[in-house]
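The next block holds one structure in the form of structure tokens; read it before the comments.
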């Protein structure tokens, strides 16, 4: 048994015919020497159904993210550029699920060796692109929080597009072994990777290779970035910042929280997969039907991660939430008429609250100033009683809207004889 994937149940007990290592579109070979009819029924009906549901949800969610970023963002930010590439990788990652569901339902690969190689290569490229994008996003968060001034000229949308293109190229280079060794070997009916002799050494080396470059290496960089961010935030926690700096820092913290949530979900969904495969290299896992559900869950989690990212964006980002509403509720005239009061999707809810608080504080300051002027006017022995300034009266009318219906003269008299 090699790199886990319950895409088909091998009926052979020969180790040489076991499916090969590729996450996650390799087959789970040798689950048992003779699978039960009940196990075949579950594999042929329930598993394809789960894959198709995940595929539909993932395609719809990531398509919505791509549309919102491209249509409802006038000038995409650096983070939005990376989110766009992450959503594109997740969407292409979902395209391999129908082939996987067909192999589960039919118990063999019906699409030929060329499609096997193409599907596995595209699947691998998008898998590595996802983790590489998360790594780049974490580095971007580090630069934005720890070195905001020095990194300003590098943290631009054109630079982010160049970095994203480099990420796709790097992913294509990393999966070259998949292009070379994947296919449908003679005498077998499943799509997997066929290694030269010694096959066990090649298989173990490839598992370590993919785990190091596709998970543990990037995870180390991500953890280092957020460790430095925490140190920076704690060291600057007691400083007094100007209002503009405070607003920018709050915005950076919101974006950082969203990126951390996406990274945490990725680790949660992919960690069991890689850990179980590394354990399988050291000590072969049990090949019993009782463990089939566990193996399926471990392999299904990475696909579920790709369809869960849009949900995270909707919950954690106000701009994406507003963009989703504009797209999904577009036919409603009522919602459309209320859109201008909500504001553009690039504006966060917290920023609206900050502006409202700022306006209230400014109005409060004006009110205090007005009260001081009114008290000076009403003091006995001053000449201000006979000629109160019109500017004071107009401001008092704004502060006292219930008196707006009276004339200007009466308002002035009320101010004079308070």
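Every residue gets a Cβ built from N, Cα and C, even glycine.
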Looking only at what Swiss-Prot records, are residue 78 and residue 255 on the same side of the membrane? yes
Would you find the one among the disulfide-bonded residues 116, 191 whose Cβ has the most company, meaning other Cβ atoms within 10 Å? 191
Where residue 191 (disulfide bond) falls in three-state DSSP terms: coil
